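Feature annotation from Swiss-Prot assigns domain 'CMP/dCMP-type deaminase 1' to 48-168. The feature substrate binding site is assigned by Swiss-Prot to N89, M90, E91, with sequence analysis given as support. Here Swiss-Prot flags H102, C129, C132 as Zn(2+) binding site, drawing on sequence analysis. Annotated active site, proton donor per Swiss-Prot: E104, in sequence order. The domain 'CMP/dCMP-type deaminase 2' annotation in Swiss-Prot covers 186-294.
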Amino acid sequence: MHPRFQTAFAQLADNLQSALEPILADKYFPALLTGEQVSSLKSATGLDEDALAFALLPLAAACARTPLSNFNVGAIARGVSGTWYFGANMEFIGATMQQTVHAEQSAISHAWLSGEKALAAITVNYTPCGHCRQFMNELNSGLDLRIHLPGREAHALRDYLPDAFGPKDLEIKTLLMDEQDHGYALTGDALSQAAIAAANRSHMPYSKSPSGVALECKDGRIFSGSYAENAAFNPTLPPLQGALILLNLKGYDYPDIQRAVLAENADAPLIQWDATSATLKALGCHSIDRVLLA
């Protein structure tokens, strides 16, 4: 079991501990539960889906990286496939506060970058901030997404974001988590190709500036993140954050990164290079390359 889970795991009910122990035994537990695993946990504990998600939130929050605030937020995004995806907030010392990742963004990106097609619900241990409510409004589940908070009745996103502004106001038809492929040729080594493939999946209807980041760890594992724009612009999630979300949730740490590649257009209206390289250097990675999409 990864050390970060030990304290939260010890506080779970005995029957949930017993059912989870073989799942968490792998140091690189992927921070997700398949539909089959969810069903097994429900049977072992007698909990319904909502109660189980709440019970698992401490494990999601244990994935938080909060050296600045020490305020850990956990989220679980429930995919329509039946898979549940953990997420947690992340802060980066030496970078800017704008690089921060919120727990809801983490769980949603985890689902999206894992190939999930849509979300049915999201469970969070603290009420979503306005930034996250706006981020969620970019999803193809839209204002119907169910939000579950401890001690409250579940409500749809529309209840948390009245008079919402979103992609439909800008006549955007393709939404976040819809399948997209921008068709750029995969060239170069495996890491470059992973970055280009991530750029091909970008959701960037506002700037038309595709980008993707791929991180290579010392053991050869590669984590890729795609750019995810938002109708309100500021809640946009850069591609580096997507890759860092996966790296963190899958049990790796920043010193594990040995090389990074950013893929983007040289003449795009928005450029990720400066922010990407600055944040990576703050995290200790100095082997950073840029490949141009063609």
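Cβ atoms are placed via backbone N, Cα and C, with glycine included.
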(request) Report the residues of the chain - excluding H102, C129, C132 - with C-beta within 8 Å of the mean position of the site's C-beta atoms, for the recorded Zn(2+) site, in sequence order. (result) A103, E104, Q105, P128, G130, H131, R133, F135
(request) Write out the long-range same-chain contacts of C132 (Zn(2+) binding site), meaning residues 6 or more apart in sequence whose Cβ is under 8 Å from its Cβ. (result) H102, A103, E104, Q105, P235
(message) If you count CB neighbours within 10 Å, which one among the recorded positions E91, E104 has the smallest count?
(response) E91
(message) According to DSSP, collapsed to three classes, what secondary structure does C129 (Zn(2+) binding site) have?
(response) coil
(request) Starting from the Cβ of M90 (substrate binding site), draw a 10 Å sphere and report how many other Cβ atoms land inside it. (result) 22
(request) Take the domain 'CMP/dCMP-type deaminase 1' (48-168) and average the pLDDT across it for me. (result) 97
(request) List the helix, strand and coil residue totals of the domain 'CMP/dCMP-type deaminase 1' (48-168) as derived from DSSP. (result) 43 helix, 26 strand, 52 coil
(message) Residues other than N89, M90, E91 within 8 Å, Cβ to Cβ centroid, of the substrate site?
(response) A64, R65, T66, L68, S69, A88, F92, T100, V101, H102
(message) If I take the Cα of C129 (Zn(2+) binding site) as reference, which of the binding-site residues N89, M90, E91 has the closest Cα?
(response) N89
(request) Quick one: give me the count of other CB atoms within 10 A of the CB of H102 (Zn(2+) binding site). (result) 22
(request) Using a 10 Å cut-off, grab the number of neighbouring Cβ atoms around the Cβ of N89 (substrate binding site), all chains included. (result) 24
